[in-house]
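Here the structure comes first, spelled out in structure tokens, and everything after it is commentary.
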Amino acid sequence: MELQEVLRMNGGEGDTSYAKNSAYNQLVLAKVKPVLEQCVRELLRANLPNINKCIKVADLGCASGPNTLLTVRDIVQSIDKVGQEKKNELERPTIQIFLNDLFPNDFNSVFKLLPSFYRKLEKENGRKIGSCLIGAMPGSFYSRLFPEESMHFLHSCYCLQWLSQVPSGLVTESGISTNKGSIYSSKASRLPVQKAYLDQFTKDFTTFLRIHSEELFSHGRMLLTCICKGVELDARNAIDLLEMAINDLVVEGHLEEEKLDSFNLPVYIPSAEEVKCIVEEEGSFEILYLETFKVLYDAGFSIDDEHIKAEYVASSVRAVYEPILASHFGEAIIPDIFHRFAKHAAKVLPLGKGFYNNLIISLAKKPEKSDV
């Protein structure tokens with residue numbers, strides 16, 4: 001099975017769907033919103049081509065479910081808020097928003113929500129139906145999606161940790177895994193494994209910046225939010241807990257060790273410094289803003305029961321990783337993996353050690369020399 005076929009969230013609206021298990025991401029989006037507003041404010045000051053008539057925006061790696069339109073709502077509200085501040089300087093423009101993700105993404109679950117979303121925009125923002133146009137642009141964000149110099153603003157949240165492929169060099173010539181007992185590049189991984197993952201991330205992120213800089217107008221903006229490394233040595237991110245759960249099944253004899261050793265997630269969690277260095281080395285963008293922050297897995301969860309919280313966290317992580325796990329380990333063992341995941345989560349949550357570190361970075365495309 002091709003990797004792109006399983007790099008998706010759980011679709012539909014069932015109990016294990018991403019639509020029902022993505023409340024954590026809403027907390028991250030709330031943290032991003034003030035930065036988004038400032039990014040839009042700077043964008044509208046830049047006097048880009050045709051921006052007074054139609055602002056062209058894309059959400060790269062939009063996923064599915066209500067969070068997709070929550071991002072769209074935040075973008076529209078930010079544009080309208082800044083436009084109201086400018087009053088006569090800027091008439092309310094049409095907004096054209098492209099939702100991007102891989103072809104297997106459940107776009108239909110988003111499209112079903114559009115009629116009510118448009119009505120809500122009209123009621124709350126005064127935006128008449130037709131003044132905000134939302135469509136899909138399926139495909140990998142590591143490849144060209146739009147014509148040259150056609151976009152004003154690109155947004156992406158919680159996507160850049162996904163690599164275009166599993167790094168090469170994780171298996172020796174004799175077929176032995178160099179990442180035995182692990183499913184990604186963690187702090188405990190061997191240096192060759194860490195290097196292989198960093199090299200793949202550097203290649204992919206450089207490609208991402210180069211391709212999308214070509215799609216943006218000069219002075220166009222890009223706002224990226226991704227998971228990043230923290231300084232806490234004893235913290236446990238969700239992939240660490242997932243790795244521990246799978247290892248439990250190996251120890252208990254429910255899963256062959258070779259099955260674990262042959263599995264590596266196409267995921268890399270960079271440091272803020274690595275992201276910054278790659279942006280500077282690629283050279284197409286100026287860094288306007290960079291911030292790191294952490295959000296506990298159970299933040300915003302009101303029920304004060306560690307086991308219920310742990311099940312909630314397990315369901316959230318399952319909605320993200322089940323398709324790729326099921327393609328390798330089989331669907332039958334998925335409930336067992338996340339039952340053990342919840343047990344590990346219940347141990348770290350009371351200690352405040354279960355969280356994601358996050359990075360927000362705001363970028364502006366540098367002008368061509370001929371534009372200066």
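Glycine residues also receive a Cβ, built from the backbone N, Cα and C atoms like all the rest.
For reference, Swiss-Prot has these:
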BINDING   Tyr18, Cys62, Asn67, Asp101, Leu102, Ser140, Phe141, Cys157, Cys159  S-adenosyl-L-homocysteine binding site
BINDING   Asn21, Asn25, Tyr158, Gln161, Trp162, Ser316, Tyr321, Tyr356  xanthosine binding site
SITE      His155  site 'Involved in substrate discrimination'
BINDING   Asn179, Asp261, Phe263, Asn264  Mg(2+) binding site
SITE      Val267  site 'Involved in substrate discrimination'
SITE      Glu331  site 'Involved in substrate discrimination'
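Just so you know, the Cβ of Leu102 (S-adenosyl-L-homocysteine binding site) picks up 18 other Cβ atoms within 10 Å once every protein chain is counted. Here the binding-site residues are Asn25, Asn67, Asn179, Ser316, and the one whose Cβ sees the fewest other Cβ atoms within 10 Å is Ser316.
Between the alpha carbons (Cα) of Tyr321 (xanthosine binding site) and Asn264 (Mg(2+) binding site) lies a span of roughly 12 Å. Cα of Trp162 (xanthosine binding site) to Cα of Val267 (site 'Involved in substrate discrimination'): a distance of 5 Å. Each residue contributes its Cα atom, and for Asp261 (Mg(2+) binding site) and Leu102 (S-adenosyl-L-homocysteine binding site) those atoms are 27 Å apart. Recorded residues Phe141 (S-adenosyl-L-homocysteine binding site) and Gln161 (xanthosine binding site) have their alpha carbons 12 Å apart, per Cα-Cα distance.
Closest by Cα distance to Asn264 (Mg(2+) binding site), from the binding-site residues Asn21, Asn67, Cys159, Tyr356, is Cys159. Distance between Cα atoms for Tyr158 (xanthosine binding site) and Tyr18 (S-adenosyl-L-homocysteine binding site): 14 Å, as a whole number. Other Cβ atoms within 10 Å of the Cβ of Val267 (site 'Involved in substrate discrimination'), summed over all protein chains shown, number 19. Taken over all pairs of the listed xanthosine-binding residues (Asn21, Asn25, Tyr158, Gln161, Trp162, Ser316, Tyr321, Tyr356), the Cα spread reaches a maximum of 19 Å, rounded to the nearest whole number. The closest partner of Asn67 (S-adenosyl-L-homocysteine binding site) among the binding-site residues, by CA position, is Asn25; the full candidate set was Asn25, Gln161, Asn179, Phe263.
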